[in-house]
Amino acid sequence: MDSVALNGKSNDKPLHVAMLPWLAMGHIYPYFEVAKILAQKGHFVTFINSPKNIDRMPKTPKHLEPFIKLVKLPLPKIEHLPEGAESTMDIPSKKNCFLKKAYEGLQYAVSKLLKTSNPDWVLYDFAAAWVIPIAKSYNIPCAHYNITPAFNKVFFDPPKDKMKDYSLASICGPPTWLPFTTTIHIRPYEFLRAYEGTKDEETGERASFDLNKAYSSCDLFLLRTSRELEGDWLDYLAGNYKVPVVPVGLLPPSMQIRDVEEEDNNPDWVRIKDWLDTQESSSVVYIGFGSELKLSQEDLTELAHGIELSNLPFFWALKNLKEGVLELPEGFEERTKERGIVWKTWAPQLKILAHGAIGGCMSHCGSGSVIEKVHFGHVLVTLPYLLDQCLFSRVLEEKQVAVEVPRSEKDGSFTRVDVAKTLRFAIVDEEGSALRENAKEMGKVFSSEELHNKYIQDFIDALQKYRIPSAS
């Protein structure tokens, strides 16, 4: 192990785990799912984030409240960070460099909290490498919990002795140095767009995270993944890493602790269900791009026209549409109202995905989004934007459970015609039937409670095995 001597012995005493996810709801939610699972098993969690983000989280189930302590730490004021911004959803991505500074400004408060609460473990996110020396000063071991699969880590952090050069072609192409064959890659425009997206035009600053420290200085490396999804990638990572690599499973909807009765009685769900009940089985395409992805007007327009041209029934969750900033094509909702719904507030996604009328999904390929959709056996039409989303899209294509909308190699633009063709291919065309069958088979794996309960138990066993007795 890195700089602490872990005992390597099993210990059945309840754990106390401090969690420090990044200031993004797409990171906070999967951390909170782990927190609830730990609490359900009788362990204690101190969950740390900003006040606004904690208020945005789902309520802790009543029976778990004694086990989960939510700690609100106010962010310091940072020049150029908009007033009230506490999450990536509050700002354009080019302002993330200032959100990072605010996050790092929590170090004193986190240090004080760890000293007084003395947890057995700190589970930290990629952006919280700064917590490692703090925790180790109190003899508390650290586990990095990566909410994305192993292929992201392996692809973007290749061994230096395996890279012939660091040209754009070398960085973006399929890794030739792996002991197995893969076709996954990123496109040059995707890499350049991601790089440019980190720069604040006003100050010239970029968001730069010490990923090497976050990955290499932990005592356990935890990932939201499974061998069934990426066994080769996990084997490679485990064989080339100096600390134990532990998949925690996919945390699929069947494992999540939710208030089902409250969801069933939600008025929005009742209205949506009434509409879905009128649709034919496996006929509706569910379209959702998460709460944080900000489409350009050009992309939104082409996407809407493509959905219309497909002539498929659809449910489009478009919560982050800002009236007056982004607009659907004139007359779109009127022309499609007989076969589709544009839902502009929060949508009960899991309830919708479980309905028999859903025949497939269109997704940006965020990890959580993919897991939820494939869990229900749905084929995916992908339109990724961020680098991790692009890789996940290519992995799913490689496994033949998804098809990506064709895009220009120059700038990533796409056409309404290609959107329509891709949707029809995946959802209704005979040529796409193999994809649909493959997705159903993968859904059986993703939804297996027996399988994922074992991953959870192995994860907890690892925390028990490598805890430090004096930290309890």
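For all residues, glycine too, the Cβ spot is worked out from N, Cα and C.
Swiss-Prot has this to say about the protein:
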ACT_SITE  H27  active site, proton acceptor
ACT_SITE  D125  active site, charge relay
BINDING   H27  anthocyanidin binding site
BINDING   S291, A347, H364, G368, S369, E372  UDP-beta-L-rhamnose binding site
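Site extent for UDP-beta-L-rhamnose: among the recorded binding residues S291, A347, H364, G368, S369, E372, the largest C-alpha separation is 17 Å. For the residue listed as 'active site, proton acceptor', the spatially nearest entry among the recorded positions D125, S291, A347, S369, E372 is D125, judged by CA separation. Comparing the residue listed as 'active site, charge relay' with G368 (UDP-beta-L-rhamnose binding site), their Cα atoms are 16 Å apart once rounded. Within the same chain, the residues at least 6 positions away from A347 (UDP-beta-L-rhamnose binding site) whose Cβ sits under 8 Å from its Cβ are D268, I272, G288, F315, A317, K319, listed in sequence order. The Cβ of G368 (UDP-beta-L-rhamnose binding site) lies under 8 Å from the Cβ of G26, Y29, P30, I147, each on the same chain and at least six residues away in sequence. Other residues of the chain with a Cβ within 8 Å of the Cβ centroid of S291, A347, H364, G368, S369, E372, the UDP-beta-L-rhamnose site, are G288, F289, G290, Q349, S363, G366. Counting other C-beta atoms within 10 Å of each candidate's C-beta, the binding-site residues S291, S369 are led by S369.
The Cβ of H364 (UDP-beta-L-rhamnose binding site) lies under 8 Å from the Cβ of F289, G290, L293, T382, L383, P384, Y385, L386, Q389, each on the same chain and at least six residues away in sequence.
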